[in-house]
Amino acid sequence: MFPVNPIKSPLFANNTSTPRLFVIIPDLIQAPPLPSLSLWGRLFFNHFQVFLPKERTAGLSSDEVPQLADEYTASVLTSLWIQNQKYLTPKSWFKSDTLRLILKLNQGSLILSGALELGRILFSLLVPMSLQQVIHYIDVADLEDQGFPFHGIFYALILVVVSFLGSLCETHAFFQLNMAGMNTKTALAAAVFRKSLRLKSPKDSDVVNLISVDTVFLQKALRFIHLPWACPLQMLLSVLYLYSILGASIFPGLTGLCLILLVSLFLSLRMKECQCNQLKRKDERLKKVVEVLNHLKVIKFQVWERTFERSVQGLREHELEALREFLLIQAFQSFMWNCAIFLVAFLSFASYALMNSDSSENKLTATTAFVSLAIFNNMRNQFRLFPSGIASWSQGFVSLDRMDEFLASTELPALDQQPDRIKDDRNGNIKIQPGEVAILARKCSFARSDVKDANLCLENINLSILKGELIGVIGPMGCGKSTLMESLSGELYKVHGQLEMSERTLLVANSPWLRSGTIRDNILLGSNYVKHNYDKIVEACGLTRDFQGAPDGDLTWVHGNGDNLSGGQRQRINLARAVHQKCPIYFLDDPLSAVDPKLRKAIFKDVISNEGLLRRKTRVMIVNDYAMVAKMDKLILMQNGTIVDFGRLDILEQRHNLDMEVWQSLKAMDPLEAEEDKDVIKPKPKLMKRQDTISILRSVQTSGFDNLDDMCYESVSKDNYMFYLKNLGYVGSLVGITFYVACQVFEVSTKLWLARWTSEEQSNLRAATSETREDNFILVYGSLGLLQAFSYLGAVLQINNATIGASSMIHNSVFHKVVYSTIDFIWSTQVGAVANRFSRDLNELDVILPSTLKSFIFQCMRICGTVFIVLFTFPSNVFSTVPLIVGILCIFKFYIHISRVFRRLSSATMASLNGFITENVSGVASIRTFRNQRQVLDLSLNEINAHQKNCYMEMVSDCWLFVRLQVITTVFIASLSMFIIWNRHDITSHMAGLCLTSAIMIMSDVFLFTRYAAALEKSMVSVERLQEYQDIEQEYDGLYSDKSFSIAPKTVKAGGHLTFHRLSGRYPGEGQVCIKDVSVDIRPGQKVGIVGRTGAGKSSIALLLYRLIEKLDGSILIDHCDIAKMDLAHHRSRITIIPQDYALFNGTLRFNLDPENRYSDFHLWNTIRSTEMLDFIQSFPNTLDFIIDSDGVGLSVGERQLICTLRGLLTENKVVILDEATSALSNSMENRILKSVNGHFADSTILTITHRVHKVLKCDKILVMDSGRVAEFDSPSRLLNNRQSMLYRMLNNPSRDSLNST
């Protein structure tokens, strides 16, 4: 909280003369209406009272919450973190650099909180001293003296004051430690995100877990940082005080305490291991969850929902095994510490009674017993923290290790360079002087990791490229073309050789990354908007027509990664963004592969070629188009991860000693596509608007989940509690509560029995009894304590079992709902927001809620027991007890409303932060290549600040409540003490001691009760957020129901007969109609090509066939059966689709081909051979056992598409859809794959969706789509013979009119 500033003393805030010691509440609030706070206001947290009126918080938004003061913002804390990091000494007895930085960052808060903790310890020892004087005063009062009890009132006032001051110190120590934790969370979240921007391929699930889970564990661990010295100090002082009262009889109890401490230390080590295992397994589960969410559309295509649901459930059960072990050990540790104080008290009292059984002076009087009991209660408060502290420390140390490991990960070199100040290339080489040469590589080798003996992905790279040259890169699939682009742009590690760049470079990836925001924001990417230049670039990239059809033009909102845009639109936006950067050197990784040929040719000419906008730039481009190859100044020919030739086109054509398979395939392209009209200057085309996607973008940003505008401000409803109780189990919950009731009954009984014991001792009744009577007191006292301890253990074990079961059921239920949700939910909700439910909110259910629930029930029982004792001893105290309860409820009512609002704001802003992190971590390569790190970091700091300011207000609300509860309970203790002093002649000392001892504990009990009640309400917000997902609209329940199948008549042979009858459809939300009155009849076994310009509705046909989007009118029949009447899963399983969006999962190659393990190895290898993919599969190490990372990281785009194509070829369905399935393949490989597909599905109906028109000219029929309607449907020969047909114009007339009309 109080970072060290070399200029400003840490003892003063804001350069004022006010000592830091008195500035306990920082000048946090910068927005009105907040008064300047006096010392009194700071002590009592009065600045929070602004939010108490309900109308003040009605509809409170995160923007209305006051901003953090500058010294607590993420930017300042990040600067201090980096500054402190530079001056870390290399050697220290701290092994963790992260821990050293945390301590240095928060040293002011830690020192101040330590001083307050010391004050709390001293005041807590003064309480039993004052109590001793009060009981002694009552015990020895002269019964004939009716004077005013000055001394008694004085002792009572001291008792009340020291109790209040001790609690006040505890509250402010709590505040300071929470501020330290909040600053730690802020600095670490920023450090983790900053680190992720410097790593090669960070996992978004890992980053989300570190920020949303591990930072919280570290924040919680900091609350117990004083426990190692404060607890022993208080124990030592308490033991010394006890020794002065009980003498040597305390040593048996201390011996038992030491044994418990040793066992507890052993259990703590085991808890740390369990926590480490649980977090690792949590990472695995969250990684799989994010993987499923990213590819949920493809999973629905393949009907793999149940398979991946089982996979995630298996990982979840594996995670819960570690959690069960952790909670079991924690339960036994809590049991031991709960027994510890009673064991010390029992052994001490028993030893004292037995050692002084023959003495007439040293008896177990009320003063001796209840003052000792007050000291034991102080020790109990510390021991109560031990289980939570040890658990938090074990979690914290595991999280600290994970932080150290992540923050110490090897970075890509020199990634922090500023766009306008390039000092060296990204691999650390001295750059060549400005001149003719732009890129120079000498004997370079590259690897994907920097570990020793890493496998090289490129070897012996030699290049010399002049400034302004246009260089083409060609080669067979998997030869290393994309890897070369990554290497030259600095995204891989250089192992050998010398690589020099004259100026800044920029990589334009084949798979574009877009962030949530407007299209204009994605193009500008933080640069200045100059309308003339911007419009020129947009027009050249063919985006003008798209913007005209969008709801808000280029200000239309785009979902993260552009999921609702076509592949061609994403690539053109990415290219426009790159052009706008005006970078000297461009590496273009086949940036127009998803754009239709005519438009691709126009964009190439207007942007990339030597006549385009980039004509003066150095360009290195991967090409698969012979027409573009002819325009290149030079060509790079690659094979097997190296450059085999480099030179002009005519030189390469003369060299016949090279393997020119790819070269020949480029030349063998259909002349219709390769043809160039040299006599006509081709105008730039205008693109069709993306009706089926861009029209729904407006609705994307208004998802009902995690939307701050739609946030609920009411209390957590009874339905949420009943939902959680139902998952807990009514019987199990009742059994757990019964154990807690029994535990409190036995605890009250021990106190009453102790009072009777001291009463008989003090009345000299022991003189008339035998020694057996003494033994009976000891035996009964010990038995009651033992029953109390085992009742507590039974309650904890039962609640643990119930909460784990509830967490498991809620997770499985929510994930089931997400997996089987409609496409509307998938497109309208950020992956990070959904992942937040399965990370932060679920962690609340796993770890925090069980602990909170147990503590809440336990404190409820303790307060009931205390009230019973007070009323049992003095029934007239009901007149002070009722106001106490009313006051607590009134204060709590004010508090819980606003605290709940801040918790919901905190949860919603954390979901927003996680969504931002997930979105940007997935695009780190693009962020680096566009030198956009600074802007992204600034945005991340704003997101962190937005979250942390709500966390701060939530924490201050806790402190505001605690201080006021302390005032109320202090008044109650004062009234009770005065009542006892005033009626000292009618009250026995043992009853007064019992009543006062219990009443003193009520301050901490009420404090803890309200704290846990509030924490329970806040934790239920996570249950509420998870329960929200129970209302997600479902496609189907995931269970097959054969009775709902619509079976084709027996007279009709199932062969893939498709009939579209007056079909109309639209995307979810308020999207425009994407398919309009389509009527087409496709005979069984026919091969149909579906073509049309971008946004014509080609892919929408497939989505309607899969029932993924809404059908407005008409019908689709398969073999004369209406698909709307079929079971959805069964219907989808009868269709094979090979989509353009590849979906690869972490696992073996075999798993990626057949996740359901439906096919035998014989069938797999037979299919591989029959489709001529044997060489491709055998190129992988371990063939089918080759491990693939998520999204196929490390594989080329073509290799990924081949794997997905082979996956489809395993099926034998009668309806097959190829949706741009071969867009990333070379022409030779594409021809081979299409031949294999046509041969394998010779008897099936095949719908081929493509923008390469010449690839479908051999189909039986061609369906030409235009603006969602059927423009033409006939055989290719008839359409090409008709010069007025749209297909003919698409192939032969590249004029602006023909392009616009299509």
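Cβ from N, Cα, C; glycine included.
Features reported for this protein in TrEMBL:
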DOMAIN    111-395  domain 'ABC transmembrane type-1'
TRANSMEM  152-175  transmembrane segment
TRANSMEM  224-244  transmembrane segment
TRANSMEM  250-269  transmembrane segment
TRANSMEM  335-355  transmembrane segment
DOMAIN    441-665  domain 'ABC transporter'
TRANSMEM  728-746  transmembrane segment
DOMAIN    734-1018  domain 'ABC transmembrane type-1'
TRANSMEM  878-896  transmembrane segment
TRANSMEM  959-981  transmembrane segment
TRANSMEM  987-1010  transmembrane segment
DOMAIN    1058-1292  domain 'ABC transporter'
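Among 224-244, 250-269, 335-355, 878-896, 987-1010, 987-1010 has the largest number of CB pairs under 8 A with the transmembrane segment (152-175). As a whole-number mean, the pLDDT of the domain 'ABC transporter' (1058-1292) in this prediction is 85. With a cut-off of 8 Å between Cβ atoms, the residues of this chain six or more beyond the transmembrane segment (987-1010) that come close are 127, 131, 134-135, 138-139, 159, 163, 167, 365-367, 369-371, 373-374, 377, 381, 751-752, 754-755, 758-759, 762, 855-856, 859-860, 862-863, 865-867, 869-870, 873-874, 877, 888, 892, 895, 961-962, 965-966, 968-970, 972-973, 976-977, 980. Each of 224-244, 250-269, 728-746, 878-896 was scored by its Cβ pairs under 8 Å to the transmembrane segment (959-981), and the highest score goes to 878-896. Within the same chain, residues 110, 113-114, 117-118, 121, 124-125, 128-129, 173, 177, 180, 250, 254, 348, 372, 375, 378-379, 382, 385-386, 388-389, 392-393 sit at least 6 positions outside the transmembrane segment (224-244) and bring their C-beta atoms closer than 8 Å to a C-beta of that stretch.
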